[in-house]
């Protein structure tokens, strides 16, 4: 959802929009809570409060002020990620299609012939990283830029088996315009920029993908693990093949291949030396992608090529000779992409020339690596019978046409390793069947606890990582942020097919622990000053964000809060339910409380916990177990709102109701989740029951509207099991709440048979006070309350009577006493 604060005169009618007027009788948090549970996607917030807007943004709900119609229009019609600290709106909006325009953040693409193969009359526009160059398109009080591009379509094409680009593009556009936009993919690009800028220097980054190829250039101190190394020694496993030479792309993507090769070498250098290297490139022209590289960091780049390399710092318009290796300095990488043009030469002659050039390239690599220190080389080679260092790394990024070439990354240590003879056919097998798809070339990270800070976004759920080891990791890892795929199934599957592999599934209760926040994407990014206009949906591809040793763990009213916890419930309640009170009635009935009068006011069950359980697929931004843990330890820091501390019985009753709900729905996953939360509550609270009580709270009244035959009709305000040391504390507590108790609006409306022989009158208005009293006794370790549901009533007779109904009658308290059972001992309160 999104909240747009505005003047009353700007309010207009839009689809899926509701107006909320600030309620001056409620505080900021209560107003924010009410707004967050509105079911409309757009909320127009009139007579707004800045404090309410801040609360909503910190809860992950994008909330902005619109001061005119233009701002209102752009905020209503677009979805976005909002930096509420810097006041930047990152739009995720494809409306530029009505300009007959595709967009890219890759400058090199605009220098190719791609426009010959896109829709007639269309053009490709470069917008810079995160659409930075679109800022000039918007003139609002907030900074605004559009991050949407079509690079995902182009990349999918590059890695597909399709050659004709236009049909591929049309199909992709049709899909984009008829299905839900991949919103979190767009928003994640912004989030990663913010996250990586804040991680410590000892960070381990597990599973980065090409989406971060430019983002992570700023952080050489981060160690990346992508589990994608293919070594020369791995070629021996391949069946030998022949040259195919297949077309891969209609437009020229040679620069893409070169860009990825150089980036792969840079990141290999980062992992090894954690510093920025000087970059040498041989055969560099035209390398327009250097433009984007230099926007991120001012690399020292020196190049050699007879043709121009526009963005090189020092370009030598000449061929590089072997003797020139003496000019190359330490702390550098060398990219060798030398190959002369065929120019119609006979294929045998051409083949011999290519093999000779490969030998020269490898000699340049050898001489470069043998001199100095802290050097890494990426060298072009052709498929041929040759010896190479066994541990060197092979790359084969897509290019316009699959030829006989690939690339090898070699370090100074690899050069000293044993050599492995590789036949030509093994190279062809690698080239024909492999498209390297990740510039973060690195080994597998073995999932085990470490003292370092770990970032693992969307990379640990796959079947390569043992599920039990991952759960153990979540319980022992001290620092970091990881994601795991949430179990959204209904039959409690432990894994689910995802693309070509399986993902293991996890429930929040399996990974929760002290100090760890478990939340949704929008819940986590709010701690990085970001909020979203589009909440998480229960798509089946939802991820738990698990933040270890989070400094915000105790900030229960600031981050990952209960905001929006009833939104799904409201949606069902007002559109599908038998009555708008269905939820209240269901919760009471399933726990044996059959007095449904004022059930929405005097409910025996925690509605918060119930909603968090039954709609956990929608509400997992709210970290329920963290909430329970902080309450159990009495460490809740409340900043505002109508705070009510739930007693553990209310939490357990919520679990009971949720369990019945789950069984009615045949939701096996929810059954498991509810049972695990129930166990968690029992573990966190030291519950003792007065099932064999020796004292009770005796409340009698001035007058009763019903006839009675018992000598002393009264309300039992609670049963206790006290030792001699507890009595004075109990009296002190009761006297401290005496005025509150007397002020209660206690009512009675009917009589009923509590058992076959006990005739009672109901008492309304006491139950919520009972739970407040429960917590006061619990904090003092005084045993109060029984294991069964507490039903406030007055015993009238011990024989069967006919039930009576009357108008609600107020009960006036006459006296309050603490009495010992089967004794004359009593203490007046």
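Each residue's number is its place along the chain shown, starting with 1.
Including glycine, each Cβ sits where the backbone N, Cα and C put it.
Some features that Swiss-Prot has for this protein:
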type	residues	note
REGION	171-242	region 'N7-methyltransferase activity'
REGION	243-425	region '2'-O-methyltransferase activity'
REGION	426-551	region 'N7-methyltransferase activity'
REGION	552-688	region 'GTase/RTPase activity'
REGION	689-829	region '2'-5'-phosphodiesterase activity'
ACT_SITE	714	active site, for 2'-5'-phosphodiesterase activity
ACT_SITE	716	active site, for 2'-5'-phosphodiesterase activity
ACT_SITE	793	active site, for 2'-5'-phosphodiesterase activity
ACT_SITE	795	active site, for 2'-5'-phosphodiesterase activity
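Counting only same-chain residues at least 6 apart in sequence, those with a Cβ under 8 Å from the Cβ of residue 795 (active site, for 2'-5'-phosphodiesterase activity) are 710, 713, 714, 754, 758, 759, 760. Other C-beta atoms found within 10 angstroms of the C-beta of residue 716 (active site, for 2'-5'-phosphodiesterase activity) number 18, with every protein chain shown included. In this structure, the CA atom of residue 716 (active site, for 2'-5'-phosphodiesterase activity) is 7 Å away from the CA atom of residue 793 (active site, for 2'-5'-phosphodiesterase activity). Predicted-model confidence for the region 'GTase/RTPase activity' (552-688) is 90, expressed as mean pLDDT. Taking all protein chains in view, 20 other C-beta atoms sit within 10 angstroms of the C-beta of residue 714 (active site, for 2'-5'-phosphodiesterase activity). Taking the Cβ of residue 793 (active site, for 2'-5'-phosphodiesterase activity) as reference, residues of its chain lying under 8 Å away and at least six apart in sequence are, in sequence order, 715, 716, 754, 760, 761, 762, 763.
Counting residues per DSSP class in helix, strand and coil order gives 30 helix, 33 strand, 63 coil for the region 'N7-methyltransferase activity' (426-551).
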